[in-house]
Amino acid sequence: MSEKPKAPRWTLWLPLALFAGFVVLVVGGLVRPKNNDIASQMIGKPLPAFSLPAGSDSRPALDAAHFKGGKPRLLNIFASWCIPCRAEAPVLEELRRAGVEIDGIAIRDRREDLAAFLGQYGNPYARIGVDDVSRVQLAIGSSGVPETFVIDAQGTIRYQHIGDIRPDQIPMILDKLKEAGQ
Amino acid sequence: MLPEIGLGLLWLAAALAGLQLLAGAAGLTASGQAMAPLVRPVAIVQGVLAALAFACLITLFVETDVSVKLVAENSHSAKPLMYKIAGTWGNHEGSMLLWVTVMGLGGAFVALVERRLPERTMLATLAGQAFVSLGFYAFLLLASNPFARLYPAPEDGNGLNPLLQDPGLAFHPPTLYLGYVGLSIAFSFAIGALVTRQVGADFARAMRPWVLGAWIFLTVGITAGSYWAYYVLGWGGWWFWDPVENASLMPWLAATALLHSCSVLAARNALRTWTVMLGVVAFSMSMIGTFLVRSGILTSVHAFAVDPKRGSFILALLAIYIGGALLLFALRAGTVSEGERFNITSREGALVFNNVMLSSILAITLLGTLYPLVTEAFGAKVSVGPPYFTPVSAMFALPMVLVLLVGPLLRWRRDGLGRVKAQVVGPVLIIVICGVSAYALGVHALLPLLGLAVAPALIVASFLPLKGRNLRRAPLSLWGMVVAHAGMGVALFGMASDSAFSLERLVAARQGETVAVGPWSVTLTDVGPVSGPNWTAMEGLLQASYAGGKPVVLKPQSRTFWAPLQTNANSALYTRWNGQLYTVLGEETVADNGAARWQLRLWWKPFVPMIWVGGLMIALGGFLALISRVAQDLKRRVAQAKGDFRREAIAKLEKGA
Amino acid sequence: MNKATGIKAKHQRLVLVAIALVALVGAGLLATWALRNQASYFYVPADILANPPEADRAVRLGGMVERDSMKNAADGVTVEFIVTDGKARVPVRFAGIRPALFVEGSGVVAEGHLGSNGTFVADNLLAKHDEKYVPREMQNMTTDEARKAVAQTK
């Protein structure tokens, strides 16, 4: 409403100033929620003790004790109902062919669905445990599916990968495994 | 192949938007005038291409082509066709594609029909529209490609949030989007006018139909969204002041203010700068609202999946567009020449009051919506809800409604309250009578009491401008105003009545048990399983009779969807002329003696449907005004064409002679 | 608004700007004041016990529904349960239709107020469901993480 040329000029800048305030506020807000993908508090700590029943007839059950000794392994959190897991399956298969041992935890899954999933998309897992109530998932600090953990030979969690592993991330994962082996 | 075609079309449309911007900008300069004729056709083709890309995506959803990531994540072959189509915009990427489609088509439409503005302003407008579109194309193509493929293709899709599987969804978001994005045209007009410094009555007359159109869609969208939330969520409420709802309310408030200041500018050539600023603000509110909802900065009951990275992208766009437009405003507005003056007691004065109140409500809504962000910066998590929004917005809405009783009766430029005194006596009497009788009926809460007192007066006062006129010959735009203002009153009455008179019962009922709520007695006769295309449900069979009358049957359900697995209460409603019975079936609970009981939540909500009837009346009023404006414009054009023809003919004759 | 009727025309713009500014600043101040009083704060059980809000103030309480804590009252519509964040436990009472997927062991946000007897009376329960990413749950999480996870429920 400041149409008179004599009307104070600064009022014309007011909207811009208010908007600038909004942008500052929102930038602050945007920076913060980025840590929504919270890294597990468990990194650098030993895997908690757990024992899960087998999820597949062809693979043994999963126990935290299996991770002690040998070489670093991957622990993959997945589910048959999870779409990104399907995209991830061939990548895991490639990792397996590269000599990586992968154990899987199927979250809130039905056995028949799981069997169908493994049949269709391949089964790169050495062992598969089923976690029907997400207890182990939460215990190791995972909040979503799929996620993948690098566990070293002492059974310590060394790295957490949130979301599906993409083909171009394979070398990165192999590096992390190598680091964990040192 | 289709996804690639769609993506190709989208890139092509984006390239054309770039061309449109360049040609428009060049056309404004002396050396680039040759480019000017290019702008309109390019704008039209760009809109058509965007629409075709959107059609591709709809087709992919209809065919449930799960090799497309978006379809796989949001659709399922078992879904009914209508929801497959609706699923296209029930997600982030699809809705952004809808956004650019509407924006492109809006620009195309303007390029096709708008001939009133000076050609230079038109060029600047279309260039501005292209500039804004370009950003959203970039966002779509670089950060949220709807046509991305998924390797390997899954067997079937993931489904769609069952809350979103509802007829309301089929047309609610597209309607809102037409409104949000329609305001981009007002934004571009404002930019065009600022660039060429041509702000005047003609500018307002040219902009008004576009604002009206967008505003009608917003009104319908908000009304439909409110009703959708009312019956889908099963909470019995119709407005939750949720960020998503606020995101749609804020552009509406700005557009409503713009509409009114536009009429001042068109009729009296006053409020020039203010109108231009509102033009910028209205679409800015659309973008800010979308950003707040999409970025995940504020989460909400019915939000899409959140993604802060996309948030940064939209924020950058916002900073460029809104910041740029406001900078242009600050630099140029001072040089826009002064408008006409007016007395405070005049139609203009009342409209200024309306604008200030609407802007204040907009400000408090925006502040309330952003407040959680502010406190979060200081480490405290808060949520702001109805206890803040309702009274604070009412504090500004109520004076606005009171002025609305008088405003339309005032003359332009200068008037005295004494002249309209006689006409206002009626509404004032109504306020007193209704207030007293509502109080006698036991309504003691302040806001509902005020609402019940003022609403009937507003309905009556809305019709006063028609007094003394030949009703058939009264212009359609006047009818539009009358209907819209009366709609405000009707909606206000519904809102006040809901909070004043609603009755609620929450019980666990055995089969055969009868529960009374208000004048209704409701009997739970049976509960049994039913199934739908992609859900199963327990369905309650209720026999409800109003004041002992003939019973009606209601069937509320507790639905379980299996793709994805989720349950949801489906309310059942029965509408009478004087209100609505609202029933929700909950879980089965077993009492100690082993008898099965079902949770039932029943509401008797007198006159609550008036909220949405009022909302539709407001939209209808806008529609009448729009018809009137378009008809006037056509008449003017025909007359002009005739005049041109005659002048030409005369010139020919003179030459011949 | 009638006070200004007598102003001179040449001051009109200034007056209009002033009115608009006063109204908007007034709206801003009013909003700030109202927000301080009406915004409902978010608590996790440890916070609410350490630092209880006034009895009638609307707040939100977020945490996990403790296993085996859910009890249905005889009226069939009231449910009592305990919300925990691993450090503290708060009893909650809610009468109404429970949201879908509200089960023991799941995350929940209760809207309501803390009663004088230490029981949180909820007017509304919100349970998280998101089909894209699995529900985040809060077992064995630190308070901070639980706060973040729960805050996403609404």
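Backbone N, Cα and C define each Cβ position, glycine as well.
Feature list (source: TrEMBL):
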DOMAIN    B:89-295  domain 'Cytochrome c assembly protein'
DOMAIN    B:315-629  domain 'Cytochrome c-type biogenesis protein CcmF C-terminal'
TRANSMEM  B:6-30  transmembrane segment
TRANSMEM  B:42-62  transmembrane segment
TRANSMEM  B:96-113  transmembrane segment
TRANSMEM  B:122-143  transmembrane segment
TRANSMEM  B:177-197  transmembrane segment
TRANSMEM  B:274-293  transmembrane segment
TRANSMEM  B:313-331  transmembrane segment
TRANSMEM  B:352-374  transmembrane segment
TRANSMEM  B:394-412  transmembrane segment
TRANSMEM  B:424-441  transmembrane segment
TRANSMEM  B:447-466  transmembrane segment
TRANSMEM  B:607-627  transmembrane segment
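Non-local neighbours of the transmembrane segment (B:6-30) in the same chain are 36, 38-39, 42-43, 45-46, 49-50, 52-53, 56-57, 60, 97, 100, 104, 107, 120, 123-124, 126-131, 133-134, 137-138, 140-141, 145-147, 195-196; each lies 6+ residues outside the stretch with a CB under 8 Å from one of its CB atoms.
Cβ atoms under 8 Å from those of the transmembrane segment (B:424-441) belong to residues 405-406, 409, 448-450, 452-458, 460-461, 464, 500 of the same chain, restricted to positions at least 6 beyond its ends. Residues 241, 243, 246-247, 249-250, 253-254, 256-257, 260-261, 264, 271, 274, 278, 285, 288, 292, 297-298, 381-384, 388-389, 392-393, 396-397, 399-400, 403-404, 407 of the same chain lie 6 or more positions beyond the ends of the transmembrane segment (B:352-374) yet place their CB under 8 Å from a CB of it. Highest Cβ pair count under 8 Å relative to the transmembrane segment (B:177-197), across stretches B:96-113, B:274-293, B:313-331, B:607-627: B:274-293. Listed as Cβ neighbours of the transmembrane segment (B:607-627) (distance under 8 Å, sequence separation of 6 or more from its ends, same chain) are residues 209, 212-213, 215-216, 219-220, 222-223, 226-227, 238, 259, 476-477, 479-495, 497-498, 501-502, 575, 578-580. Long-range contacts of the transmembrane segment (B:313-331) within the same chain: residues 131-132, 135-136, 139, 142-143, 187, 190-191, 194-195, 276-277, 280, 284, 287-288, 290-291, 294-295, each at least 6 residues beyond the stretch ends and with a Cβ under 8 Å from a Cβ of the stretch.
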